[in-house]
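A.B. asks: These came from TrEMBL, pasted as-is:
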BINDING   B:LYS99  NADPH binding site
BINDING   B:GLU182  L-homoserine binding site
ACT_SITE  B:LYS197  active site, proton donor
DOMAIN    B:342-422  domain 'ACT'
2 protein chains.
Amino acid sequence: MRVAILGVGTVGEQVAKILIQNQKLITARSGKEITPVIGVVKNLNKKRDIGIPLTDDMDAVLKRDDIDVYVELMGGVDYPYRIISEILKRKKAVVTANKALLAYHRYELQNIAQDTPFGFEASVAGGIPIIKTLREGLSANHISSVKGIMNGTSNYILTSMMQGGASFERALKSAQELGYAEADPTFDVGGFDAAHKLLILSSIAYGVYGKPEDILIEGIESITKEDIFFAQDFEYIIKLLAIAKKVDDKVELRVHPALVAKDKMIAKVDGVMNGISVVGDAVGETMFYGPGAGGSATASAVISDLIDIARDVKSPMFGYKIPLELTPLELLAQDEIRTKYYFRLTVDDKMGVLAKITNIMSENNLSIDSFLQKPKLKGDENGVTLFFTTHTSLELDVKRVIEILTKQEFVKEKPFMIRIEG
Amino acid sequence: MRVAILGVGTVGEQVAKILIQNQKLITARSGKEITPVIGVVKNLNKKRDIGIPLTDDMDAVLKRDDIDVYVELMGGVDYPYRIISEILKRKKAVVTANKALLAYHRYELQNIAQDTPFGFEASVAGGIPIIKTLREGLSANHISSVKGIMNGTSNYILTSMMQGGASFERALKSAQELGYAEADPTFDVGGFDAAHKLLILSSIAYGVYGKPEDILIEGIESITKEDIFFAQDFEYIIKLLAIAKKVDDKVELRVHPALVAKDKMIAKVDGVMNGISVVGDAVGETMFYGPGAGGSATASAVISDLIDIARDVKSPMFGYKIPLELTPLELLAQDEIRTKYYFRLTVDDKMGVLAKITNIMSENNLSIDSFLQKPKLKGDENGVTLFFTTHTSLELDVKRVIEILTKQEFVKEKPFMIRIEG
């Protein structure tokens with residue numbers, strides 16, 4: 001089986017290396033020699049230690065008749081979409097790690113691919129075989145929820161804020177120095193990367209359509225050390241979660257920081273690791289943990305797809321041989337989210353302020369579950385900070401309360417809210 | 001696709017129920033209606049709420065031409081081996097949850113099955129799709145180790161000893177009352193159940209042959225509350241681990257209680273849950289967590305195998321299309337195990353005893369890494385208890401030291417040892 005690698009960066013290099021290093025084992029497991037024969041790169045002058053010929057002539061590689069599988073590792077959306085569509089139309093198999101592409105065009109690609117193998121295990125949670133697990137391992141289940149830490153950069157930052165007491169800015173800087181965060185970290189810390197992965201998983205769990213712009217995406221940029229410490233007082237850990245959840249006949253899809261109960265397995269996923277919990281009606285609660293990124297972990301997933309293709313093991317792309325008979329599940333409107341909430345609120349240290357706050361809350365259907373007020377420190381001129389959590393509430397009510405509180409004179413900073421996930 | 005269920009206990013009932021309850025979804029996912037048409041039971045008088053016809057005539061069911069897949073859930077070894085061999089010879093697909101059968105006869109069954117589908121996802125770790133994960137999801141990897149908590153009963157007992165301070169006997173009794181342990185718990189607490197599962201996983205990870213009698217199996221019966229508390233002082237948690245590990249050209253297979261570093265994910269797997277960590281050369285460290293037993297979790301795995309058969313998704317039984325070219329890996333002799341060790345030792349409270357112990361140890365190549373002696377309590381007539389851990393040592397040396405210590409007059413009880421797993 002002859003493989004072309006389109007885009008030879010960290011992952012592509014590792015795919016070629018591991019195919020060569022583990023060749024004996026991979027041949028035994030797959031029944032075929034899987035050989036990387038050519039790599040396509042933009043810049044031929046960049047030195048790469050990869051052991052296969054390189055070219056910058058994409059068109060020539062696409063036209064070759066001796067390639068059985070194309071591995072797309074370029075990133076981006078429009079260009080790879082065009083390239084992959086062309087390849088699939090020629091009935092050549094494709095393996096990709098490109099989550100952005102799939103977040104936008106997965107159903108179009110499914111239509112074009114039809115019976116041509118199309119692997120994308122590497123697009124979600126790097127080395128963790130979560131696509132296969134959801135699509136095949138848990139196929140007997142109605143999925144109640146998929147909740148996960150799907151972005152290693154954000155998790156690294158939150159972990160160092162928690163363990164080292166660093167501020168967001170300092171933790172981000174150290175992540176950048178260690179190569180865990182990009183110079184422009186928005187894609188990771190803003191929740192967009194996790195959202196792309198969530199959309200892919202939600203197609204398998206629920207068969208839902210949805211693009212990044214359809215779902216709630218919030219990042220971790222506004223989390224402070226204080227939030228983390230006070231959450232710990234309430235027995236919670238703060239994580240950036242990507243959540244797909246069935247609520248009656250609708251599906252909630254959202255990415256945001258969340259307070260997670262300390263004793264949940266997912267709260268124990270630290271550093272750059274990923275962890276995804278899946279709850280199914282038959283299986284109950286499961287959790288899958290591993291490195292969510294990195295050249296060789298991602299290459300492990302890419303090659304597992306190649307081995308499946310060599311073995312002629314082929315599941316339906318999103319796990320449905322027949323489109324779901326039920327009306328396709330609808331996305332739940334963001335205002336209809338129901339969960340518990342955590343608030344951080346800095347107010348004037350005056351008589352009656354607390355009564356005013358609780359009045360505003362109860363008039364808008366919010367009730368307080370727990371409350372914490374730090375003793376005011378000397379020289380602390382900027383008011384006192386209140387921390388509290390609510391009972392289960394409607395997102396619409398929460399938004400209204402934040403809006404009303406923001407306008408009050410005694411409120412010194414825009415109130416900050418984090419959702420709580422059991 | 002018509003299914004016969006051989007053996008209708010807790011799991012069989014759930015297989016039938018879920019196939020009926022989730023039928024719409026399962027049909028969409030598998031492309032076929034998967035219908036349980038008959039159940040075979042020993043005792044027709046026992047009331048079962050299952051919704052399919054039952055019979056006690058096994059032979060008649062085996063001869064039926066309208067059955068596509070047989071699900072074996074009877075347990076035992078010899079009888080199911082005979083039955084399944086017969087079915088496979090007729091080229092009918094089989095799905096089983098029977099780990100004891102596979103621990104003894106998996107390679108014979110592989111030979112008989114040839115290309116006939118044979119699913120056994122449910123035989124290891126109930127609802128966790130660990131077979132599929134190892135065989136397909138991580139197929140690119142040389143596996144360094146598979147370490148896991150594969151027996152929920154033992155883990156429940158160890159967890160309640162740790163969290164509730166119960167003795168082994170009291171924790172076992174509560175497990176029996178809750179239905180987590182059998183009246184005769186030997187199979188679970190003695191490590192045999194975990195050993196069966198380990199042998200199955202080792203065939204996928206390493207292609208090794210091996211039967212339960214070939215490997216080291218120790219149970220948790222001798223663990224005391226003190227061991228657990230003192231392990232915690234050393235930052236460890238005690239777990240019953242099943243371990244498959246590559247050491248040079250050999251494979252270590254062993255089941256025994258082990259001290260696991262507190263911050264490892266596997267140390268966080270509590271109660272009846274299972275957790276299996278797999279380390280691969282490409283992927284790094286991964287961990288898979290979920291309910292390891294229970295009717296409906298196990299049924300989830302059985303049905304995922306049925307769906308794979310309906311989808312015509314078929315991987316080689318242990319993941320090798322071609323037998324490994326390398327000499328099949330040999331099992332490492334038990335005396336050649338190298339790890340760190342924990343000791344509990346009750347001795348006379350006399351001058352010079354400690355010097356004698358350390359002399360015996362150093363003469364036999366053991367060196368102490370950490371040491372703890374409890375202050376003697378009033379009325380504690382039975383000597384003092386010493387707790388210590390060693391640097392990495394050879395099992396053979398450890399055995400010799402235990403033998404020598406046992407013979408010393410100042411040693412009041414047979415020394416007790418637990419292996420340490422990073």
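Going from the start of the chain as shown, residues are counted 1 onward.
A Cβ is built for glycine as well, from the same backbone N, Cα and C atoms used for every other residue.
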A.B. asks: How big is the Cα-to-Cα gap, in Å, between the residue listed as 'L-homoserine binding site' and B:LYS99 (NADPH binding site)?
C.D. replies: 17
A.B. asks: Need the DSSP three-state call for the residue listed as 'active site, proton donor' to compare against my parser.
C.D. replies: helix
A.B. asks: Count, for each of the recorded positions B:LYS99, B:GLU182, B:LYS197, the other C-beta atoms lying within 10 angstroms of its own C-beta, and report the residue with the smallest count.
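C.D. replies: B:GLU182, out of the recorded positions B:LYS99, B:GLU182, B:LYS197, has the fewest neighbouring Cβ atoms within 10 Å.
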A.B. asks: What is the pLDDT of the domain 'ACT' (B:342-422) when averaged and given as a whole number?
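C.D. replies: Averaged over the domain 'ACT' (B:342-422), the predicted model reaches a pLDDT of 90.
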A.B. asks: When DSSP states are grouped into helix, strand and coil, how many residues of the domain 'ACT' (B:342-422) land in each?
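C.D. replies: Residue counts in helix, strand and coil order: 24 helix, 28 strand, 29 coil.
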A.B. asks: How big is the gap, in Å, between the Cα of B:LYS197 (active site, proton donor) and that of B:LYS99 (NADPH binding site), rounded to a whole number?
C.D. replies: 6
A.B. asks: So, in DSSP terms, is B:GLU182 (L-homoserine binding site) helix, strand, or coil?
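C.D. replies: B:GLU182 (L-homoserine binding site) sits in coil per DSSP, no helix or strand.
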